[in-house]
Amino acid sequence: MLPVIVFTPGEPAGIGPDLAIMISQQAWPAAIVVCADKNLLQARAEQLELPITIQEYKGHRPTTPSPAGTILVEHIPTAVAAVAGQLNVANGQYVVETLTRASQGNLSGEFDAVVTGPVHKGIINDAGIAFSGHTEFFANQANRNDVVMMLATEGLRVALVTTHIPLAYVTKAITPERLTQIITILHHDLVNKFAEVNPKILVCGLNPHAGENGHLGREEIEVIEPVLEQLREQGINLIGPLPADTLFQPKYLDDAAAVVAMYHDQGLPVLKYKGFGNAVNITLGLPFIRTSVDHGTALDMAGSGDINSGSCLLAINTAIDMVRASHNE
Ligand SMILES: NC(=O)C1=CN([C@@H]2O[C@H](COP(=O)(O)OP(=O)(O)OC[C@H]3O[C@@H](n4cnc5c(N)ncnc54)[C@H](O)[C@@H]3O)[C@@H](O)[C@H]2O)C=CC1
Ligand SMILES: NCC(=O)COP(=O)(O)O
């Protein structure tokens, strides 16, 4: 089957439109539909001096793969013309419209996967729209309470228990129910989507030194250890809670399938240090496939022609592989 992927470039002033143009310079073993303003893409292509032919997507599922030099666009107009590098609050609603169109198309089966470029969470909120991230947005669209943000690069996968919330709320958000859900979804998908056999999952503690036997915090004793014990009884291969500052070394990582980090900045700096530009963000637990770039809007680089498209290429290739795997190909 021909995978049909929808790509959302995200923030129009960021590097997402550049990525849409760059990925369209090559032929793909899939059809890629870009949900964006066609005039924005044309203008950014001219700025980058990259050749592009824009075709409008008319809602008919493509039957041929995307050729080099052509971009198939579901035209969603920006409110005002976007200028590379300059956020404009007037376009916050536009970004959300592209994401809504993409998720509806995935929920209906029109598309097989969504790959997202970077959004600027702040400007969407400044536009009066509550928005904390794609992960939470798609979970909401799909009526899923718990989904898992997992970033992966060569040799390391990191899944998060909490995602885009203030650090001050993290402790309360790590409930036995949430931790159980996150690990259960992660284990299920490692086995069923990533062909891992009896995957070993390393779990970080929350506190320094994983609480130092309760002297530096009691969440490990009161929440994390009981959950891990219960899930081990169900056959999940769990190690931890381990101190996060000493877990990320080959001794532990070499035979591990994934690491569970308790919060965003516990796990992602390590992942990005290892693989920034060559990592993919995958949302597990959604009723559709969603991958994303590992970086943000890079406003300072938009329109420069000097960006790294490695993570975007990996995100698309990962989505294609996941679509094929879901069809047992
Ligand atoms: N997937 C998404 O939608 C993500 C969105 N963000 C959003 O991006 C915005 C900016 O976040 P920052 O922390 O500044 O991170 P950032 O990733 O946009 O930029 C950090 C640094 O890396 C550089 N950089 C990033 N991607 C690059 C690329 N592909 N090629 C060359 N250089 C690149 C930037 O120029 C900058 O110097 C925030 O509003 C944040 O919410 C951040 C991460 C992921
Ligand atoms: N640091 C990862 C990130 O912020 C991406 O989040 P999301 O928008 O994919 O939920």
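In case you wondered, yes, glycine gets a Cβ from its N, Cα and C as well.
According to TrEMBL, the feature substrate binding site maps to His134, Thr135, Lys272, Asn281, Arg290. Cβ-based neighbour count (10 Å, all protein chains) for Thr135 (substrate binding site) stands at 24.
Taking the Cβ of His264 (divalent metal cation binding site) as centre and 10 Å as the limit, one finds 18 other Cβ atoms among all the protein chains shown. Under DSSP, His264 (divalent metal cation binding site) is assigned to a helix (H, G or I) in the three-state scheme. Among the features that TrEMBL reports, divalent metal cation binding site is placed at His164, His209, His264.
Thr135 (substrate binding site) has its Cα within 10 Å of the Cα of these binding-site residues: His164, taken from His164, His209, His264. Of all Cβ atoms in the protein chains displayed, 16 besides its own lie within 10 Å of the Cβ of His209 (divalent metal cation binding site). Remark: Lys272 (substrate binding site) has Leu151, Ala279, Asp294 as non-local neighbours, by Cβ distance under 8 Å and separation of at least 6 in sequence. The substrate-binding residues named in the record, His134, Thr135, Lys272, Asn281, Arg290, extend over a maximum Cα to Cα distance of 19 Å.
Between His264 (divalent metal cation binding site) and Asn281 (substrate binding site), the C-alpha separation comes to 13 Å.
According to DSSP, His164 (divalent metal cation binding site) sits in a coil region rather than a helix or strand.
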